[in-house]
Amino acid sequence: MDPRESFTIAARSIRSHKLRSALTVIGVVIGIASVVAFATFGASVESEIVGSISDSGANNVYVLGQPADEEGFEQALQPVFTEYDIARLSEIPGVEAVIPRGSIPANSVTHRGETVSIQGATATTPAAVTNETLVAGRSFRSGADETVLNRAAAETTFEGNVTVGDEITVRRTDETWNLTVVGVVNGTAGELPVGNFGPQPQFYVPADPYYQAVVESPGANARQRAYPQLTVVAVPAETLAVTERVETYLREESDARHLAPSGVDLVARTSGDFAEQISDVIQQITRFVTGIAVIALVVGAIGIANIMLVSVTERTREIGIMKAVGARNRDVMELFLLEATLLGAVGAVLGLPLGLAVGWAATRYAEVGFAFAPYWSALAVLVGVLVGVVAGLYPAWRAARVDPIDALRYE
Amino acid sequence: MGQADADDVVTLTDVRKTYDLGGTVQALGGVSLSLPRGSYTAVMGPSGSGKSTLLNLVGGLDTPSEGRVTVGGRDLSTATEAERAAIRGSRVGFVFQTFNLMPRLTAVENVAMPLVFDGWDRSRRRERARELLSEVGLGNRLDHKPTELSGGQRQRVAIARALAPDPELILADEPTGNVDTETGERIMGLLGDLHADGHTILLVTHERRIAERAERIVHVRDGVVERTEELID
Ligand SMILES: Nc1ncnc2c1ncn2[C@@H]1O[C@H](COP(=O)(O)OP(=O)(O)OP(=O)(O)O)[C@@H](O)[C@H]1O
Ligand SMILES: [Mg+2]
């Protein structure tokens, strides 16, 4: 039949039960909005994190132990990369520097009589502090009682700012270090890209003499410092090749392959790899949460099906009349299906902006940039329409099968 | 009676209709009848004798349990659902005792509805509906909903609707049953005019006075034709 007339009739029947239709549409709106909101928020977080990873050291190759399964997480943090490994890695063609990193547990730091508790200090080599990262001062020297602070530590940890030349005291369980602040940095070279969000106060100290994790190096046949993580800084153009060479070394010649506990894989990752891994994880979470939101959508669909069944029953007589004046089963089917689809479509069209607004508010709250997810938004509208169609199928089929004789007798 | 004539709009051949409700209820028990083109036939009989059943079978609203119903030469028992719908929509106009108008549609929209399913375009539908409503004297009630009309006015809308696709056959089931005598007269006058215009009319009534407007009266009792009375006028 004339599509415009079908539309008019369907729209009129929706309008004639305003409250009922509105409540049904709200069900779909909530479903679509939650799907869109979660998907948008997920996409925003993903692009924020991936963006900030890609910004940092594209030519860094991060060498670390990775647990083969969840259990091995603690073991993966064990110091397995020895100074022998560092020396060998530095010789690989295309490698500019190898920066080790290890953490030293500490209890507190005192500056001008003010003491704050800390998790620990980070041990690394002077090469970690480069001209690009320095805000003030210079890098520490190996073997000296010197420290470099990041801006969070220098500016927000103590009442007064810590400036170059100040003395700080680090207390550990069994010893106390008096250190001279020689530099303030904004991040360090070779820092793992995942640590960049919401900068924590960091106190960098020279591994020599403060880092004391020592193991027996099979390669050097001597006791040496060993670190849980290294960053190989590659010549930019050779980052990929270097990554492969580093992996080969780790697999075939390194001390670490002997020292790593079973269940830990030694890997070399670029920041691109990290970005990929993290976006995989976020996408999985987003899919899962969005999947839960889909339940709301299913409830919305049930609402449509329910109201359409009521409508078919109420309008049995009208269906009979339409059939008596020439409506075919498929005309009746079409009308009811269109009505259900309209409910779904209106829900989708209203739910989309609401979902985007909620998603946007969530990104403001979480302080990440808003990323529109066009794929999800288009899908949401499509799904809304589809929800209407699917929810309307059975009621419409029931309507089409109404026997005109029974219907006209129906009071 | 019964044998197909090229000029019969409707023929029924030994038509039976039974309803199965645990036991079987026989509504029609072998009815043969033909309606020549342009004829005016009244069906009379006591309540429950099968008059409405007969009318619904002729109009393709219902299907016989046995026997053949042809409308305009087309055998309804072999017609598909869509074909029967098309016959209902274009060759037959129904007028019911209870009017059966769409409550949410205006008079014009009600009258235009058969034309929607018959594939007319919008402006022609409206034009035709206005024309017909004026003909039945409702030119000033075009945009009223059924609830805003009196019983007689509603029945006139229903007649206009039955006429919309210009059907050859008008089926009226107690069209005066729900209106007062005066309005009933007016309705019967309209049917008389339609007959004069050449429409074939099948009218169901239990009032002798109404039935006498027709050319012949088919008396039905317990689902069978008791006798056919030709009226000379
Ligand atoms: N859907 C149905 N199911 C069962 N029995 C039915 C059905 N429709 C009609 N009947 C039966 O068929 C018989 C004829 O019914 P019908 O409606 O044709 O009578 P009628 O002559 O039109 O009566 P009235 O003058 O009261 O309108 C009745 O006995 C009725 O009970
Ligand atoms: Mg009856």
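Using the three backbone atoms N, Cα and C, a Cβ is placed for every residue, glycine included.
The domain 'MacB-like periplasmic core' annotation in TrEMBL covers A:21-245.
The domain 'ABC3 transporter permease C-terminal' annotation in TrEMBL covers A:292-404. For the domain 'ABC3 transporter permease C-terminal' (A:292-404), residue counts in helix, strand and coil come to 98 helix, 0 strand, 15 coil, using DSSP.
Remote same-chain residues near the transmembrane segment (A:21-43) are listed as 14-15, 282-283, 285-286, 289-290, 292-294, 296-301, 303-304, 306-307, 343-344, 346-348, 350-352, 354-356, 358-360, 362-363, 366, 370-373, 376-377, 380-381, 383-384, 387-388 (criterion: CB distance under 8 Å, separation of at least six residues from the stretch ends). Taken from TrEMBL, the feature transmembrane segment applies to A:21-43 (among others).
What TrEMBL lists as transmembrane segment is A:288-314 (among others).
Among the features that TrEMBL reports, transmembrane segment is placed at A:335-362 (among others).
Long-range contacts of the transmembrane segment (A:374-394) within its own chain (CB-CB distance under 8 A, at least 6 residues past either end) are made by residues 28, 31-32, 35-36, 39-40, 43, 290, 297, 300-305, 308-309, 336-337, 339-345, 347-349, 351-352, 355-356. Per TrEMBL, transmembrane segment is recorded for A:374-394 (among others).
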Contacting positions for the transmembrane segment (A:335-362) when only residues 6+ beyond its ends and CB under 8 Å are counted: 6-7, 9-11, 13-14, 21, 24-41, 44, 300-301, 304-305, 307-308, 311-312, 370, 372, 377, 380-389, 391-393, 395-396, 399-400
